[in-house]
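Reading through the structure tokens given below for one structure.
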Amino acid sequence: MVEDPIPLPNASMEVSYQNPIEAATIPVQIAVAEPVATPNPPPCLHENKFLVSVEVCLKPSSTARLEDVQRAVERMLENRSMSYADGLVLIPADDLFLVDNVQRICICDTEEWVKNNDVLLFWQVKPVVHTFQLIEEGPCEDLCADGQPASFNEWILPAKEFDGLWESLIYESGLKQRLLRYAASALLFTQKGVNPNLVSWNRIILLHGPPGTGKTSLCKALAQKLSIRCNSRYPHCQLIEVNAHSLFSKWFSESGKLVAKLFQKIQEMVEEDGNLVFVLIDEVESLAAARKAALSGSEPSDSIRVVNALLTQMDKLKSAPNVIILTTSNITTAIDVAFVDRADIKAYVGPPTLHVRYEILRSCVEELISKGIISSFQGCDGLSIPSFSSLKEKLSESEVHDTNTVPWFCKQLIEAAKGCEGLSGRSLRKLPFLAHAALADPYSHDPSNFLCTMIETAKREKSEQPE
């Protein structure tokens, strides 16, 4: 969020475009735009506006009611004339209620409405404020007897463990927004009582693609995001991560009991009023492989009964209005047809493109700069490195050869991103660490030396990838 040229009292605001977890303590001053003549007045309040999400995270020590904080933030936004862009809003020092209770205020997902790095003006926007408080408890593991692995892990959402996960995942083609809109529509259709015999939807999402592309993380981040966006309707949210491999027991007929126990637990959660339940089944192709093996005679018939029981239990959950099933698969060709037919969305999550690779490395380097591991560079505005979409404005031939300048830095970062073609997002996140470990002087803060080393590290990592 940045200032609007219209001068109003207390209209100044600071914003940082860093990871929301860290950026709350590192505000960056944004320059004020020059006044522009506006022959036409802003649109009236009754005209259509863009809905922009404003997420407000309460401090762990806060005992304030979420509704009170929501109203306080809405009043703060109404009293300010600003432009809207993704980033953190500095909490006004004179608002003691917000200072005492709010950890951060974040503007989210404005890129869905704007193009070419534009911003939304205050009269174009209707802020939708979501208040939440993170749960600091870790996952609760289901303990099984006889040395069996746990059949599921349970999180209460929104969990501190998943804080910032949504923002750290970068994809092309609006995948994250597509999933958000799907989930919102699925819950709305259920809430409005749409007849499922006339309009069918199963509330099942299938993400498939090669390993390391963030499918499981995206499912967890989606559950976290929806627990924040839907907390006025569902004040209690839980994530159940099913361990598909644990559903197969070495004892005959025991596997069916494990499935029954698992879904009995899920059914109890679903029946609670005001509860929203997310069921995550990771590596769902393992179930498909077991069923095929059982049909061919190489596995006991108990395996196929487990898979069929699981599918039957999933069908039973269809009648529950407050459950969403998230599934992932690493092997697209091995996905069971029964699962494919049930999924409303079947999204392929492939290796990162050049644009995505650059943005991932950019976020990593900004984090290292903010922690003082490497130094900033000449012409850098605080910790912000230009995004991939704005590079054409930054890369001029006259400056690109001057080291430690923004154009040179971006050019080197692009070279590193090009050298990472074929690497997964998981490998890309490790690259800055491996590059720093390869430095002759690990205490050197020279950004040019670090980037050159990262380019070499990227080439080495790519050459060591299996064919």
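Using N, Cα and C of the backbone, Cβ positions are placed for all residues, glycine too.
All chains included, 17 other C-beta atoms sit within 10 angstroms of the C-beta of T216 (ATP binding site). Here Swiss-Prot flags G209, P210, P211, G212, T213, G214, K215, T216 as ATP binding site.
Listed in chain order, the extra residues whose Cβ falls within 8 Å of the Cβ center of the ATP site residues G209, P210, P211, G212, T213, G214, K215, T216 are T328, N330, V349, S424, G425, R426. By the criterion of other Cβ atoms within 10 Å of the residue's own Cβ, the least surrounded of the binding-site residues G209, P210, P211, G212, G214 is P211. Cβ neighbours of K215 (ATP binding site) (same chain, under 8 Å, six or more residues apart in sequence): L207, H208, G209, T328, S329, N330, V349. A helical conformation is recorded for T216 (ATP binding site) in the three-state DSSP classification.
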